[in-house]
Amino acid sequence: MKLLKYPRQLHDGQLLAGCVVGGLLVVVGRDRISAYDCGKLQAAARGELAVREVSAEVELQVEVGEDALRYVAGGEGELVVAGDRQIWAAGADWRSAGRGTRFLTVAQLAGGACVTDVKADGAGLVFVSVSGKDEVWLYATGAWERVGVVTLAAKPVTLVVDPLGELLTVVLQNRSVAVYQYNRQGAVRMHQQLPQYVQTNPLRYSITMSPQGDLLPLVNSIKNGLPSAQLLDRTAGFSVQSTLVGYVDKCKILRFSPRLYEKPNKDKPPTQYNLLASSGNEDGSVIVWNTKRTKPLLNAAKVTDTFINDVQWSRDGTGLFAISNDGYLFIFAFHEVELGRLLDDAELEKLRQSVPRLEPLPPPTPKSLAKSEAKPQQDTKPDAKSSANSVSAKTGKKKIAPTVITSTSMEFNEPSYTVPKDLKRRPKQETQTNGTTTKRPKRDVEPMDFLDTNLLIPNISFSKARLATPKVRMNFQYCNTLQQNLVMEVKNGTGSEQKPTSITLTLKDKEKDMVLFQDFTPRFVTICTCGHSFWACCTEEGIVYVYSNTGKKLLPPMIMGVPVSFLEGCGDYLLCVTSMGQLFCWNVKEGKLKFPVNTIYPLLNPSIRYSDDVLTRAENITMCTTTENGIPLVTLSNGDGYMFDPDMEIWLLINDSWWAYGSQYWDFTNTSHAGSSAAAGNDKEDKKNKYWNADAEYLIEEVKKNKKSVVNYLESKTNDEMTRKGLIRNLQRFAKTILMKEGFENLEDIVTLSHLENRLLVALKLNETNEFTKLLKVYCISLAEMGFKNRLDDVLSWLYNDGEYKVGTIANEKREELLKQILVACADIRQVQRVTTSYASALGLLDVSL
């Protein structure tokens, strides 16, 4: 290895960043850009070329005003430089044009916004992270149009680009690390929130991924109280593959070589490995690591009296360039025998092909392109155990990491299982049996020491129902579904008076955002919601605040006494479910309860899951909300959906996953085609056309178009749960086997009618009158075609009302009109004409219809 310090000080002693474009090393500082031939620099370091013969191939100057060039990135077709407030770009001809190169101003920031990093993926996209706005902008080279925006939860510090062109990693100022998936059209979504945390000093990092795209380095990761660099394996869910300990204190640079290396072994296959360079230490050292070893391959200690601003590898992987803060360039020239055999591009491409690719993102909608905003969406579950990691202090004592999380998605704390140690439990009486039975023990309560048993809330520790509660997020936003420009933003403080939590309602506008109101509380806020004329939020302790759109308190703070698991608003109603399963539904406008306090405990199948042990696990609650009329709705992970009837004060079953197996009319929305008639293969048309009726088909299409139908939505959620559990195949087997068994020939008809009857009753309870009338006609047509004469007569008799059919209404429609429509729809079905004829004669329709 040869080391050369370029003798001339560059850019008046201010070199801030560099990048390698083709065979040129591009460095920037002040208002100047210089490009040097990497081959000549390495030849000069080896003594093959006189140093005085090495000079800049290209010298450029940019009109920066009071700004200074701090970032540079580029590819074969572009060169991008940026300062704190401006971004400039040049085309592919900048090398030949020289001083005649024209720089286009891509963006100019104002106010408190500032550029924190610029990266190019080499395939037509440039990423710019902007603080103040807390965003990452995606630009398409050539036209330099902004094609996408990533909205972040905190100030972005560093960007890491995936060489495979799929992932963008963002290091945030709050020490968290987020990974996003992107495509060339600018569509972006959250891929994973990493459990690792980084130090915030130094703030700016220079990080690259491995050339094969499977390793992501994180510098200054906290582990056992010591700074370390962790290499995360992309193919294993970004778990830690190896750790570099030592020589990384206050490190801010970790750059992989663009080539892959191989070391031959005598008795074993050759070992393939990456090389990466780290620097940024206060002593100005440059360290080269072999990813297969725990010790550095090269430790060039104190090559400069100041610190290193940037490190770049040559394209051939044999040269390393370091830029010092005092404006000097250091060239490291290696021989192949020192680093190992260089693998060719074909072998590197083979390794890239072995990395699993992600499912392609859908193209961004025109609406999102107009707003130039791509909101991150989480498609993988964050590691729930990451918040429980313990950190060892210097004293050797373990301290628990804070539960405050930075993810914009909601995570939950598990229910508490702790009780005081002085609590004694009655021993179980063991029954003597001849045989030995093995029973899987349930999770028992965990005793722990308390300073005072009064600190423990008995009603939580011994509650029959315990729900998970949301974790505290550092900041999050909640948008009104009806008015997307109304956004409530919560920025949690420290949970004390020194730094209270800020609650802000903002009206987003294209020209200017307007703050409608702001409030402060010395507590952590976990959930937000809104109705037609109110906004509500709850704290970690279970205190609910209700505001008007102008910030006026509509109700005094309501004390739940325990943490809140669900808080949902709709219309004038606010629904609250505590961690003990207590259900509250308030009419905010009138300031009173819709119905007495109830519980969701009956929905968790307590009789089925009852045991002598203390704790049993129930189905997860996937949704808990309310309608505009104040009717609570709940769905479970098994696919069942429920509603609470305020009049009867009991829970009612809306949709049973069993109906998906046999009902012909399951899932009118056809979201997943889960009905048995839709899963029966080649016999689908025969089964569906068995009782085909044009009037019924038309009515079904009308119901299908109703996007506001509660039952349609709940049935689609049932299908989602069944798809998630892989039960869709069972539907196909059901349609082919059980319907052919003896004694089950009419099972499909019975399940279909049961499903329709329940939908009718639920629609009537939910006051969905239009859907009720259509379903009633479909139900009567089905009864007529299946030959259920007595049941059809029962329905017609209910409508006839002992001859008082001209008095009163059903679902806002006159009984007489509804009865006439049903009789006309069933008039052509011969097997029920005796039933329909008698009612048609009573209504005076017989002569007209005949």
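Just so you know, glycine gets a Cβ as well, placed from its N, Cα and C.
Per Swiss-Prot, the feature compositional bias 'Basic and acidic residues' maps to 370-384.
Residues or ranges marked as region 'Disordered' in Swiss-Prot: 354-398 (among others).
Residues annotated as region 'Disordered' in Swiss-Prot: 411-444 (among others).
Among the features that Swiss-Prot reports, repeat 'WD 1' is placed at 5-46. Long-range contacts of the repeat 'WD 1' (5-46) within the same chain, counting only residues at least 6 positions beyond its ends with a Cβ under 8 Å from a Cβ of the stretch, are 53-64, 68-76, 79, 81, 95, 303, 309-310, 312-315, 318-319, 321, 323-333.
As annotated by Swiss-Prot, repeat 'WD 2' applies to 61-98. On the 0 to 100 pLDDT scale, the repeat 'WD 2' (61-98) averages 89 in this prediction.
According to Swiss-Prot, the feature repeat 'WD 3' maps to 110-149. Here the repeat 'WD 3' (110-149) has Cβ contacts under 8 Å with residues 70-78, 80-85, 87, 89, 104, 155-163, 165, 168, 170, 173, 180, 182, 184-188, 204, 364, 369, 372-374 of the same chain, all six or more residues outside its ends.
The repeat 'WD 4' feature in Swiss-Prot is assigned to 151-190.
For the repeat 'WD 5' (255-299), the residues of the chain that approach it from at least six positions outside its boundaries are 1, 202, 206-212, 215, 217, 219, 229, 231, 242, 244-245, 247-249, 305-308, 311-313, 315-317, 320, 322, 324, 330, 332, 339-343, 347-348, 351, judged by C-beta separation under 8 angstroms. Per Swiss-Prot, repeat 'WD 5' is recorded for 255-299.
Annotation comment: Swiss-Prot describes 303-342 as repeat 'WD 6'.
The repeat 'WD 7' annotation in Swiss-Prot covers 519-557. DSSP places the residues of the repeat 'WD 7' (519-557) in helix, strand and coil in these numbers: 0 helix, 24 strand, 15 coil.
Residues or ranges marked as repeat 'WD 8' by Swiss-Prot: 558-596. Long-range neighbours of the repeat 'WD 8' (558-596) within the same chain, counting only residues 6 or more positions beyond its ends whose Cβ lies under 8 Å from a Cβ of the stretch, are 415, 457, 459-460, 463-470, 526-538, 540-544, 546, 604, 621, 624-630, 632, 644, 646, 649.
Long-range contacts of the repeat 'WD 2' (61-98) within the same chain, counting only residues at least 6 positions beyond its ends with a Cβ under 8 Å from a Cβ of the stretch, are 14, 16-19, 21-22, 24, 26-33, 35, 104-110, 113-115, 117-124, 126, 128, 141-142, 144. Long-range contacts of the repeat 'WD 7' (519-557) within its own chain (CB-CB distance under 8 A, at least 6 residues past either end) are made by residues 404, 469-473, 476, 478, 480, 482, 486, 488, 490, 492-493, 495-497, 500-505, 563-564, 566-574, 576, 578, 586, 588-589, 591. Long-range contacts of the repeat 'WD 6' (303-342) within the same chain: residues 1-6, 9-20, 22-23, 25, 27, 29, 36, 38, 41-46, 206, 253, 255-264, 270, 273, 275, 277-286, 288, 297, each at least 6 residues beyond the stretch ends and with a Cβ under 8 Å from a Cβ of the stretch.
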